[in-house]
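Below you'll find the structure, written out as structure tokens, and then a few comments.
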């Protein structure tokens, strides 16, 4: 048994990885800021100790896992080096972990977490699968056959991984503090393609993914008949979305997903493709798909009188558009109210006009102050720059949360990657209910 200490344990990936090592029988603890982060709930439920940052947390005999947001000058990292302990970056450590399994990486600018969550749930319907999801959820199942994990392209960290399979959901320009342009992003994915050992499953409508070169087969999925794996005869029902799946032009089977929106059908197709290639029992896969309950912070719903409150991680214009589309398809007779907190000044600056366009698809828009990050907490623009671009939009804060009372028979989307949950929590307290995120 190894004693692991995670520096930045409340990070989504770090939280998941800490849970996996705990499940596999190791002693696990970690440190982070004292401010509430939704990932700490799962850690506490497993009895994993969360400490405030302090050099005294580091003891002889530990293996220290260093979160990617924390520099080598961090007091705990300095202490670990002074004690000559093994200090391993998150992505490097995860790369070692996955080598013990048949691994499936899920990567792409958007849809990674939702697809990884679906993949782990569906695969466990047929084969024992450990998993690491970017919503802070992780599970290490002893004697697992498979390992499903989220692989982020930021700073090319995913190049530390050599998975058996890779699902690539899309390529888009994001993380403008690191990537220069879309071609820079595409080059990172091209490099990742050469790391894959068995096959790549890629979205067929993405021009950049269509240009990939790889040493393994690439199977394209989507809603078009020229895709290797495609959905047809799509029907929206009160139980979700039903569709037929074709593989290489031949009918495979009919599936039902409890989710709505084209992007969720595409996620399901990617997962079905993996199960098909690994010759899993299709009936087990169908049953598991029908029982998928979603992942944390991805269209998580709470009902309050005639309102549906939705907690969603959407923080890029395309993700916002997809979340609004899902709300409209699931609740066609309700108004859509967007409450959005931009995440990082560089992303807000880079996509200012795109944010305005995507948010304008909602019936009403409220905006929060820009949320900075550990790496970047100031910028030249303000939230007023975005408000000025969206007709009828307004600033919302905890002290004026009651403006949402006026929207009867509405879906209120609380979107963002920062601490937007505090506004939903404030609104729920205002209307007399409480909910732990």
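Cβ coordinates come from backbone N, Cα and C, glycine included.
According to Swiss-Prot, the feature ATP binding site maps to 108, 109, 110, 111, 112, 113, 114.
Mapped onto this structure are the features recorded in Swiss-Prot.
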residue	record	contacts (Cβ under 8 Å, 6+ apart)
108	ATP binding site	115, 153, 167, 168, 169, 170, 171, 203
109	ATP binding site	153, 169, 170, 171, 172, 173, 174, 185, 316, 318
110	ATP binding site	169, 170, 172, 263, 316, 318, 319, 322
111	ATP binding site	169, 170, 263, 266, 267
112	ATP binding site	106, 134, 150, 151, 152, 169
Identify all same-chain residues not among 108, 109, 110, 111, 112, 113, 114 whose C-beta atom falls within 8 angstroms of the centroid of the ATP site's C-beta atoms; report them in sequence order.
106, 115, 169, 170, 319
Among the binding-site residues 113, 114, which residue has the largest number of other Cβ atoms within 10 Å of its own Cβ?
114
Which state, by DSSP, holds residue 112 (ATP binding site): helix, strand or coil?
helix
